[in-house]
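Participant: I grabbed these lines from Swiss-Prot:
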type     : residues                                                       : note
BINDING  : Gly228, Pro229, Ser230, Arg231, Thr232, Gly233, Lys234, Thr235 : ATP binding site
COMPBIAS : 1-17                                                           : compositional bias 'Low complexity'
DOMAIN   : 22-125                                                         : domain 'CRESS-DNA virus Rep endonuclease'
REGION   : 251-269                                                        : region 'Transactivation'
MOTIF    : 29-32                                                          : motif 'RCR-1'
MOTIF    : 111-114                                                        : motif 'RCR-3'
MOTIF    : 291-301                                                        : motif 'Nuclear localization signal'
Amino acid sequence: MRAPASSAASNRPGPSNHPTPRWNSKQFFLTYPHCNLTPSELMKELFSRLTEKIPGYIKVSQEFHKDGDPHLHVLIQLNTKLCTRNPKFFDVQGFHPNIQPVRDAEKVFGYISKTNGDSDEMGELQLRIKKPEKPTRDQRMAMIIASSTNRNEYLSMVRKEFPFDWAIRLQQFEYSAAALFTEPPPVYQSPFPNEQIVCPPELVDIIDQEWNQQPNGPRRPRSIYICGPSRTGKTTWARNIGRHNYYNSTVDFTHYDKDAIYNVIDDVPFKFLPQWKALVGAQRDYIVNPKYGKKKKIPGGIPSIILTNDDEDWIKDMKPAQVEYLHANAHVHYMYEGQKFYVLPAEE
C-alpha cells in the first residue's frame, strides 16, 4: 500500500505570484532612503549606467529629515525608453531606490526642487507642452453671444458651431436672438397725408388731456374703444398717433416695445384676449406667457385703442361686470353711419 504524500511537501511554497515589476518609460522618479551619497556622486553613477539610453536630463536633490537622515530624490529623463525587469537596475553602491515612472515631469521637478539639501543636475529639462483645454459648450455659447453684433450674425455663428442643435432648436435660438438684439419696430407709414386724417373731437380730448398731459403719471389713462365698419380709416388713424405696439387678430407679447406710448388692438375677438383688463385698464407690471417663450413681466401703464367691426363687438360677448369695467376704463365710441377717419381731397 502506497504511503500518503507528506503533508510537509504539500505546504512547500510555490513560485511567487508577484512577478518582477517591468519598467518601460522615458522618465523616472527615484527616491533613495537613508542614502549618504552626495547628489554629484549619485548623478555620475546613474549617468554612467544610462549612457546607452542617452540621458536628456538628470536632477538629484538631497533632503534631510528632522532626525538628520538623508534621502536623495532623482528625476531622470531619457531620449529612448528604458525597458527592464531588473529590480536592482538603479541600485547604486548597495542603495536601492523606490522607482516610479513619471507622467508629469513638471510636478516631480517642482517637488524635488523644494528639498533642504544640496542638489546637482545635468542636461536640459523637457516639459510636456500641455494642449489647451477645449472650451465647454457653455463657454462656446458665451463667446458667440459676446462676439456677435446682430441677429443674423448670431444665428449664423450658432449654426456653424452647433449644427445639430440649430436644426432641432432653431425656434429657441431665434427667440434668444430677438432678446439679445432688440430691433426697434419699423415706423408706421400712413397711406394718407396727415391733413387727410380726421378724428372725432371727443377722442382728441382724451388723447390731449389724458395721454399727453400725464405720461406715466399716478392716474391710469383711459383707453379708447371704437366699433364700426371696415375700410373707414380707423386703423390708419390709430396707428398714426405715435409709437405703439400693434396687434392684429391675436396678441403676442414676444416683441413688446417698452418704449411704445400706447397699444393698438385691431380685430382681436374678445374671447381670445385673456389679458384684456390689463390692456384696457393701462395696468402696470402684469405677467404674460408669450407663444414659444418664457413668462415675462410687461411694464404696461399705457392705454390701448381697441378697434372692432360690428360683428365682433366686444360688448356683445361681455358679462355685465365686464361691460362696466370697459366703460370705467375706456371711452366707448360707436361709429355713426358714413363716418370715416379720413377725408379725400375731393370731399374737402
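Cβ from N, Cα, C; glycine included.
Keep in mind it's a predicted model, so treat the numbers as computed, not measured.
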Participant: Of all the binding-site residues given, Gly228, Pro229, which has the fewest Cβ neighbours within 10 Å once its own Cβ is left out?
Facilitator: Pro229
Participant: Per DSSP, what is the helix/strand/coil residue tally across the region 'Transactivation' (251-269)?
Facilitator: 3 helix, 5 strand, 11 coil
Participant: Are there any residues in the same chain, six or more apart in sequence, whose C-beta is under 8 angstroms from the C-beta of Gly233 (ATP binding site), and if so which?
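Facilitator: Phe192, Ile197, Lys340, Phe341, Tyr342 - these are the non-local Cβ neighbours of Gly233 (ATP binding site), listed in sequence order.
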Participant: Quick one, of the binding-site residues Arg231, Lys234, which Cβ has the fewest other Cβ within 10 Å?
Facilitator: Arg231
Participant: Based on Cβ atoms within 10 Å, give me the single least packed residue among the binding-site residues Ser230, Thr232, Thr235.
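Facilitator: Looking at the binding-site residues Ser230, Thr232, Thr235, the Cβ with the fewest others within 10 Å is that of Ser230.
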Participant: With a radius of 8 angstroms around the mean position of the C-beta atoms of Gly228, Pro229, Ser230, Arg231, Thr232, Gly233, Lys234, Thr235, what other residues of the same chain does the ATP site pick up?
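Facilitator: What remains near the Cβ centre is Leu307, Asn309, Met335, Lys340, Phe341.
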Participant: May I ask you to report the DSSP-based helix, strand or coil state of Thr235 (ATP binding site)?
Facilitator: helix
Participant: Give me the mean pLDDT over the region 'Transactivation' (251-269), rounded to a whole number.
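Facilitator: In the predicted model, the region 'Transactivation' (251-269) has a mean pLDDT of 92.
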Participant: Would you mind pulling the DSSP three-state label for Ser230 (ATP binding site)?
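Facilitator: Coil, per DSSP.
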Participant: Mind checking how the domain 'CRESS-DNA virus Rep endonuclease' (22-125) divides into helix, strand and coil residues in DSSP?
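Facilitator: Summed by class, the stretch gives 22 helix, 46 strand, 36 coil.
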